[in-house]
Every structure is written in C-alpha cells, then in structure tokens.
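Undergrad: Pasting a structure below so you can have a look.
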Amino acid sequence: MKAIVYCGSNRVELRDVPAAEGVGVLIDVEACGICGTDLTIYKGAHPRSKAPLILGHEFVGRTAEDKDGFRPGERVVCYPLISCGNCETCLSGLPHICDKLRLYGIDTPGGMAQQVRIPADDLVRVGLDIPTVVAAQVEPLAVCVHAARRARVAPGENIAVIGAGPIGTTLAALLERNGVSSVTLFETNQNRIEMLRQGGFEAHLADEYSYRNTLDKLGKSGFDVVFECAGVGPAVADAVRNVRAGGRVAIVSIHKGPQLVDLQALSFREIELIGMRVYTREDFNLAAGLLQEMTQKLLWLAGDARKLEDAPELFEQLGQGDGPMKAILEMGHSLA
Ligand SMILES: [Zn+2]
Ligand SMILES: [Zn+2]
C-alpha cells in the first residue's frame, strides 16, 4: 500500500510500504489532515518522532473487516491518544495528559496511508453523510472543544482569539456556535485576515491599535477571555495585556520553550492563566457529534482535499508557511 513517510528532517516521501500491522481493526483510510504537529515532525523538531514514520493522526476511513464489534464499511475516526494507564496522572483521572502520552502517527504508524490498524476502543463512528474533509477535522475540533471547556467560556462573553491558523479559526467558529457575544480574531498575516473576513469572521491585524479599537467598539476595557493560539511570545504578552481584570487567558498553543509573562498584571488584575493539552475522550466524542452542525464552516476551512501524490510538495509549502488554511490529503478510498 502507499503511505506518506517521514524520512528525516524536511523530507516526506510517498512510499510503497508493507500492509498495516498490529492489533486492531483494519481501516481503509479516506483522508487525513496535516496539522502543526505533523509540520514539527517534518522539520525534524519533534522530540519523540523517529524516521521512518508513517504520519497522520487526523484521519477518517471505513472499517475493512468484521471485527471487535465493527462491521465492514462503517465510517470511523480515531481517538489518537495512547495513555499508559499506570502513571499517577492516568490514575488521577487525567489520562489525556499521561506522563508518557503517545499518539498514533507521532509515536506509532499513523493514518497517512491507504490502510491502518486501530484498536476498536479508539474508534469513534461518524455518519456516512458527513463530507470527508469535514470528518477528517474531528481531532482539531476536539482541541477547540477542550479549550472552550477549560476556559469555562459562557454565553454572552466577549472573546479574543490571537493567531488565526486552523485551530484559532476553528475555535472562533465553535465559540460563535456556542453563543458567545463576540469573537474577534487577531492575526499577523494580512492575506489570512482577508480570507477570514470573506468567511464571515471579525478579523484584525494583531497590533495595539486593533485591540483598543475593537474594545472601544464593544464598550469594554478588556476581553472576558483571550485564547492564545499563535505560539509566540508577543501573542502571550498581547493576551495578558488585553484581557479584562478578573478575566481568563487560555494558552492553546504548545510553546516550544518558556515565554515571558507579566506576573504583576496577573496579580494586580487577578488574571487567570489556563494551560491545556489535547482533549479528553468526552471532548472528542462531543466534537464528532458537532460535525453535522459545523459542516459549512469546516468545509470552508479545508476546501478540497489534496491528492496523495502531492504530499511532499504540500509539506514543503506548509513548512514555509504557505498553502491551504487546513490541508487534508485524500488517501485513495472513496470520498463522501
Ligand atoms: Zn492534530
Ligand atoms: Zn499514564
């Protein structure tokens, strides 16, 4: 079968590989999303991933056999977290932040292949009527469900999202769906701002004027919650500076190292700084249940899926900060 294999720093190849091995149900993969973590692996900067590795943890497919409670042809997505079950964190009821957390497609062969085997317990059914590129976005949507829950976002609140990549934009769409009063996206890439506006989002350049201007329009001195989805130091500083007294700053990005935080602002204005990582099984199942309702926005975000053969070029493009907002690769099995 064909698979997208990470072969070392800045190299992915479309390769013929042996049939999918291991325990679990055989899945014919329809499509697989490329996310920030995949790009970190591609750049050779992921601490755990070792070449050669079949990438992909954001995939949708059809079961290809009668096994472990599944019938052939069922539409499934994969809960990609592998927790040890034995560490203190797992035993305290937080397996999604297991001390030894691993993921399919990062630590084990993933779904950027024509077939993959996944244990039945990690498969979640999705409807046959959901478009493939939408179903392939359950995992990033689960990140957003988790982020909104961790930040305790309530209807009627005014929200800022700093960094309008796929996660920031999906989060904005989810928060609007959840009934917040306003969501403003702040972004440094002008092309992306234009695109977001065309997609119906309130989006501005991430600079001091834009934050002030937006808050003046809202008649507020600060946002109730600021989500930091940019992964850079200045975004963290902006988040703390533009949240209201008593508000929450949610760090959604995974930062590669320490960042400066104005602790005096945290103290004087009682700002709550909230950390988060991936999602729980409950968040993931909730996200799967939201696909139908969020189909239009998720279709807009991804556009058309790219061909399997285009993967090396697409990775190169994305690695340079170009390419589609949410890149999804088709794996050869019939797309809905
Ligand atoms: Zn991902
Ligand atoms: Zn554990």
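In case you wondered, yes, glycine gets a Cβ from its N, Cα and C as well.
No curator has checked TrEMBL annotations; they are predicted automatically.
According to TrEMBL, the record shows the following:
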type: DOMAIN; residues: 25-126; note: domain 'Alcohol dehydrogenase-like N-terminal'
type: DOMAIN; residues: 166-291; note: domain 'Alcohol dehydrogenase-like C-terminal'
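Explain the structural surroundings of these features, please.
TA: Using DSSP to sort the residues of the domain 'Alcohol dehydrogenase-like N-terminal' (25-126) gives these counts of helix, strand and coil: 17 helix, 37 strand, 48 coil.
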Undergrad: How do the residues of the domain 'Alcohol dehydrogenase-like C-terminal' (166-291) split into helix, strand and coil according to DSSP?
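TA: Per-class counts: 58 helix, 29 strand, 39 coil.
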